[in-house]
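**Q** According to Swiss-Prot, the record shows the following:
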type     : residues    : note
SIGNAL   : 1-20        : signal peptide
DOMAIN   : 24-75       : domain 'SMB'
DISULFID : Cys28-Cys52 : disulfide bond
DISULFID : Cys28-Cys36 : disulfide bond
DISULFID : Cys36-Cys70 : disulfide bond
DISULFID : Cys50-Cys63 : disulfide bond
DISULFID : Cys50-Cys52 : disulfide bond
DISULFID : Cys56-Cys62 : disulfide bond
DISULFID : Cys63-Cys70 : disulfide bond
DOMAIN   : 74-127      : domain 'TSP type-1'
CARBOHYD : Asn227      : N-linked glycosylation site
Amino acid sequence: MRTLWMALCALSRLWPGAQAGCAEAGRCCPGRDPACFARGWRLDRVYGTCFCDQACRFTGDCCFDYDRACPARPCFVGEWSPWSGCADQCKPTTRVRRRSVQQEPQNGGAPCPPLEERAGCLEYSTPQGQDCGHTYVPAFITTSAFNKERTRQATSPHWSTHTEDAGYCMEFKTESLTPHCALENWPLTRWMQYLREGYTVCVDCQPPAMNSVSLRCSGDGLDSDGNQTLHWQAIGNPRCQGTWKKVRRVDQCSCPAVHSFIFI
């Protein structure tokens with residue numbers, strides 16, 4: 001049977017009225033195209049109208065030379081561009097990178113991969129160099145008792161004697177917190193139990209948590225107008241977290257010890 005099929009194909013090339021399929025007709029079409037046909041042998045060994053469109057694979061009416069005349073070619077893309085800057089300054093937004101198509105897919109070849117990627121982004125300064133963006137950074141806090149163990153001498157050589165002591169205190173009113181805070185009972189994490197909704201707490205900003213350039217601590221909420229909900233997270237248990245609102249900035253903290261914390 002195979003010999004007969006090969007013989008018929010050979011005879012079709014000698015028949016004056018016969019075309020050899022897609023190659024001789026010069027046809028290769030994407031998708032389903034009823035006008036993309038030729039005269040010749042089909043893959044199902046029937047002579048007559050055969051097709052050279054991509055859908056012929058599913059309908060079974062391709063010309064016998066479709067695979068050779070119309071090989072599948074995958075999509076090729078170029079390299080990623082560099083990441084763009086943040087779409088906006090001083091607030092959470094996105095950055096983007098793109099790549100272009102070097103060769104479109106043909107004849108059922110692999111489709112193109114994503115041509116654009118986005119990622120979260122937050123810039124901490126304006127184009128003019130003004131410090132910003134701290135409102136959206138969670139405040140990482142721990143008990144003020146940790147300050148007794150932490151040296152006040154910053155490691156950066158840029159710190160002067162004047163800036164070593166240039167700290168400040170932020171007062172916040174707690175709005176919400178997760179139940180995980182109350183579950184802590186280890187000696188070094190028991191301080192989390194004293195975080196309560198509705199209480200005013202003090203958080204001290206001191207070196208080395210204080211940035212040596214901006215002289216601020218991340219997440220201090222200093223730019224907030226007092227109505228904005230800010231986020232905090234306890235160091236030692238990432239599931240102990242919550243929200244608060246800024247009350248004011250003061251030079252020295254004056255809250256009870258159990259409601260006194262420090263920025264990390």
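Yeah, the Cβs are placed from backbone N, Cα and C, and that goes for glycine too.
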**Q** Name the residue among the disulfide-bonded residues Cys36, Cys63 whose Cβ has the smallest number of other Cβ atoms within 10 Å.
**A** Cys36
**Q** Compile a sequence-ordered list of residues in the same chain as Cys62 (disulfide bond), six or more apart from it, whose Cβ lies below 8 A from its Cβ; state 'none' when nothing qualifies.
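**A** Arg42, Leu43, Cys50, Phe51, Cys52, Cys56 - these are the non-local Cβ neighbours of Cys62 (disulfide bond), listed in sequence order.
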**Q** Out of Cys28, Cys50, Cys56, Cys70, which of these disulfide-bonded residues shows the lowest number of other CB atoms within 10 Å of its CB?
**A** Cys28
**Q** Rounded to a whole angstrom, what is the C-alpha distance between Cys36 (disulfide bond) and Cys70 (disulfide bond)?
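**A** Answer for this pair: 12 Å between alpha carbons.
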**Q** I want to verify one value. Collapsing DSSP to three states, which class is Cys63 (disulfide bond)?
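**A** For Cys63 (disulfide bond) - judged by DSSP and reduced to three states - the answer is strand.
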**Q** Report, as a single number, how many Cβ atoms besides its own are within 10 Å of the Cβ of the residue listed as 'N-linked glycosylation site'.
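**A** That number is 7.
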**Q** Take every residue in the domain 'SMB' (24-75), average their pLDDT values, and give the whole-number result.
**A** 90
**Q** In three-state terms from DSSP, label Cys50 (disulfide bond) for me.
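**A** Reduced to three states, the DSSP call for Cys50 (disulfide bond) is strand.
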**Q** Would you list the DSSP helix, strand and coil counts for the residues of the domain 'TSP type-1' (74-127)?
**A** 0 helix, 19 strand, 35 coil
**Q** Using C-alpha positions only, work out which of the recorded positions Cys28, Cys63, Asn227 is nearest to Cys70 (disulfide bond).
**A** Cys28
**Q** In Å, rounded, how far does the Cα of the residue listed as 'N-linked glycosylation site' sit from the Cα of Cys28 (disulfide bond)?
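**A** Computed Cα spacing between the residue listed as 'N-linked glycosylation site' and Cys28 (disulfide bond) is 64 Å.
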**Q** In whole Å, how far does the CA atom of Cys28 (disulfide bond) lie from that of Cys63 (disulfide bond)?
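**A** Approximately 11 Å lies between the Cα of Cys28 (disulfide bond) and that of Cys63 (disulfide bond).
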